[in-house]
Amino acid sequence: MAELVFHTGPMDSGKSTLALQMDHAQSAHDRQGVRYAMHDRSGGARITSRIGLSVEAVEVTDSLDLYQDIVSRLSRGGRIDYLICDEAQFYRTKQIDQLARVVDDLDIDVYCFGILADFRTELFPGSKRLVELADRVVEPPVSPLCWCGRPATHNARIVDGKLVREGDQVGVGDIGGGSEIHYEVLCRRHHRQGITGEISRATLSEQTLPFDGSRS
């Protein structure tokens with residue numbers, strides 16, 4: 001029986017790598033699949049992992065009907081046993097519903113990969129719907145670490161060196177006004193306190209041991 005599975009974890013937890021491994025494992029057993037991606041880090045229609053692996057994928061746009069896309073491929077004589085859906089947190093709610101229909105009506109396995117919550121600790125709409133509909137929600141086998149060594153559970157948006165808690169849910173590269181943006185995974189404590197790895201290192205560097213240079 002086909003199922004809808006949501007693999008979710010914070011940034012740097014290897015979700016895209018796992019998606020590529022899943023695709024490889026499925027195809028190695030003579031199963032035919034379709035790969036989907038949205039807002040990939042490469043900027044193109046690909047699934048790209050942080051360790052350098054990359055494959056072509058179908059670009060998911062807001063207007064793409066995933067169920068009809070699969071039906072169209074099948075009607076042309078294609079064989080589809082599974083779907084790999086990367087960056088699924090960005091998918092529209094109705095597209096998650098369409099994926100559930102692919103599982104139920106077409107008996108095709110759907111494996112989704114994505115972040116659960118944004119930098120504001122609010123659920124992405126696509127992820128929220130996946131939690132509501134998925135047959136299984138799976139955490140990645142490898143957990144990233146906060147700079148303090150604790151398991152990292154929160155995604156932080158850093159703008160000009162400072163952690164921010166407001167702004168558009170989706171932000172890539174520059175966010176305008178000459179500001180530089182990047183992301184960092186933190187434990188809940190340091191996300192709540194707004195202490196990033198850079199701030200921690202700066203604080204430590206300012207701490208000096210008492211030393212009297214006049215003594216020999």
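One is the number of the first residue shown, and numbering goes on along the chain from there.
Using N, Cα and C of the backbone, Cβ positions are placed for all residues, glycine too.
Residues or ranges marked as ATP binding site by Swiss-Prot on the basis of sequence analysis: GLY9, PRO10, MET11, ASP12, SER13, GLY14, LYS15, SER16, ASP86, GLU87, ALA88, GLN89. When secondary structure is read from DSSP and collapsed to three states, GLY9 (ATP binding site) falls in the coil class.
As annotated by Swiss-Prot, active site, proton acceptor applies to GLU87, with the evidence given as sequence analysis. For GLU87 (active site, proton acceptor), the Cβ neighbour count at a 10 Å cut-off comes to 24, with all displayed protein chains included.
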**Message:** My understanding is the cutoff is Cβ-Cβ under 8 Å with a sequence separation of 6 or more in the same chain; which residues meet that for LYS15 (ATP binding site)?
**Reply:** HIS7, THR8, GLY9, ASP86, PHE113, GLY114, ILE115, PRO140
